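Trainee: Just lifted these from TrEMBL, have a look:
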COMPBIAS  1-16  compositional bias 'Low complexity'
COMPBIAS  27-39  compositional bias 'Basic residues'
COMPBIAS  40-49  compositional bias 'Basic and acidic residues'
REGION    1-50  region 'Disordered'
TRANSMEM  75-96  transmembrane segment
TRANSMEM  108-131  transmembrane segment
TRANSMEM  151-175  transmembrane segment
TRANSMEM  187-208  transmembrane segment
TRANSMEM  220-237  transmembrane segment
TRANSMEM  242-262  transmembrane segment
TRANSMEM  290-318  transmembrane segment
TRANSMEM  378-399  transmembrane segment
TRANSMEM  445-465  transmembrane segment
TRANSMEM  477-494  transmembrane segment
Amino acid sequence: MSTSSSSSSSDSGSKNSDVELQDQKKNEKKNKKKKKQQGLHREDNHHSPYEGNLAVKLDKYFEISKRGSSFKREIYGGIAMFLASIYILNVHPQVLGIANVPASGTRMVTALLSGLGTISMGIFTGIPILISNGMGQNYFYALTICTSNGYEWNTASSLVFIQGIIIVAISWGFLRIKFLSSIPPMFRIGIGFGIALFIGTLGISSMFNNPVTSEPELHFRLLLAVLCLVLITALILRNKIYVFILAPILTSIVSQIIRAAMGDFEMEKWGVSGMGETVFKINFKWKTSALWLIPVMSINQLFDAVCTTLTVIQFAFLDKIQFDEKRFMALITTSKTSKLQRVIMLTGLWSSISGAFGNSQMVPFIESIVGGSVGARTGLSSVVTGLCFLLSMFIYPLFALIPSEATAPLMVYTTALVIEMITHVDFTDLNTIIPIVISTITMPLMSSILLGIALGYATLILLWVVGPDKKYKEIKWPMMIVFALSVIGIVFELRD
């Protein structure tokens, strides 16, 4: 009897304690809800230094003060990213014009999708990164798909549409993590350095030549570009990051005055038109070559998206690009919805939409690190960049007055900052150095990020196989798949 009574009393006691715990949890939820309604609740215990409901919400969502940034830095970083990438609105229609794509429609679609895509990047990834139609991708579209394989532009866009869906599917699967782990850390740093150096090379070359015809142009542009670079650097060194955009503006004014004096000034027409010529005009009449073109396009976009994103993340999130592999990997692989996964998914999604709109592939732009160079650390800067692209749809003639001699210095300045990345590579390891050198030199010479990465990666695997250090034992099946894809990419890039 005593045992049963004691057990029953213990049961009743446990029930009472359970009821008390439930009541306590309910009270905690009520108090939590009240604090949240009063604007006092902070899940991360981080108190915003800003006042005003909207400012506090933006600060909390984008983690602006938590990441050591400010609204001014993010706004100026966003403007800097736009200035560094505005050339795409002029050059992209010229490249796709080789495939007879209507230029006015291409420019409007590029501005619209770059704006919306970049805003989505900022909101859903929290990374200061922009997305637009890549230079390597538009040449592949116009020359390889259309010129070499004989496709019409609307059929080429249908390939882009399908390929984008494939990238979205890959982003959700385990292949994303396997793909990431197959890129050795030191090689990844070297690739980021190579891409940044490629951007600096493009910046320098654009001061001399027309980006489409490669014909020499006015040489006063070089002097203006150098002066603009000196002014930008001087202002940033003096902590005047909020006025550095005056340098490109002043350079643009001086450049247009000189052009007018030389009779070379021309104002483009105003208005939003031409989108109807390309939107939803895609054609699914494919040839047998499409069975090879779609995988190659997917490889191109995946390599570009991953390596560019890793470079931007490393530049924006790690102080002075101090290489910390554990911290770095935690930013991109801690969950199924990591930053890298979201970037890849959105890249595929917007590429598919771009194809439906009669355009080429969209990729993250390495020019994004220009924003990081002036202090941008959050996705708010991407939102600012996206809004600038949307604004350009309506006042493009004004933006068209900003010449390359005013924007190229931003690309060169960014390259100067990223040079530090290469110091984290072990220079005594030729198994890594040789592939990095091949990639870094190939990218600017062949104007192809895909070819540079593919050649470097293929060389890396071959050195591991034939080298005396028996590093072939470290080669896993994902690395062999990436090696095979690299070889396919090399064949298609060099076959013409």
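For all residues, glycine too, the Cβ spot is worked out from N, Cα and C.
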Trainee: For the transmembrane segment (445-465), give me same-chain residues lying six or more residues beyond its boundaries with a C-beta closer than 8 angstroms to one of its C-beta atoms, as numbers and ranges.
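Mentor: Same-chain contacts beyond the ends: 135-136, 139, 183-184, 187, 190-191, 194-195, 198, 299-300, 303-304, 307, 430-432, 434-436, 438-439, 471-472, 474-475, 479-480, 482-483, 485-487, 489-490, 493-494.
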Trainee: Do the transmembrane segment (151-175) and the transmembrane segment (290-318) share at least 3 Cβ pairs closer than 8 Å, excluding pairs fewer than 6 residues apart in sequence?
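Mentor: Touching, yes - the transmembrane segment (151-175) and the transmembrane segment (290-318) meet the threshold of 3 or more Cβ pairs under 8 Å.
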Trainee: Can you tell me which parts of the same chain pack against the transmembrane segment (378-399), counting only residues 6+ beyond its ends and a CB-CB cutoff under 8 A?
Mentor: 58, 62-64, 67, 69, 71, 73-75, 77-79, 81-82, 85-86, 89, 107-108, 111-112, 114-130, 132, 267-270, 272, 368, 371
Trainee: Under a criterion of three or more Cβ pairs within a distance under 8 Å and sequence separation of at least 6, are the transmembrane segment (187-208) and the transmembrane segment (290-318) in contact?
Mentor: yes
Trainee: State the non-local partners of the transmembrane segment (220-237) in its own chain: residues 6+ outside its ends, Cβ under 8 Å from one of its Cβ atoms.
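Mentor: Residues 207-208, 243-244, 246-248, 250-251, 254-255, 258, 373-374, 403-406, 408-410, 412-413 contact the transmembrane segment (220-237) from elsewhere in the chain.
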Trainee: Other than its close neighbours in sequence, what residues sit by the transmembrane segment (75-96), given a CB gap under 8 Å and a spacing of at least six beyond its ends?
Mentor: 103-104, 106-107, 110-111, 114, 128, 130, 132-133, 135, 138-139, 141-142, 153, 206, 211-212, 241-242, 244-245, 248, 359-360, 365, 367-368, 370-377, 380-385, 387-389, 392, 396, 399-400, 402, 404, 406-407, 410-411, 414
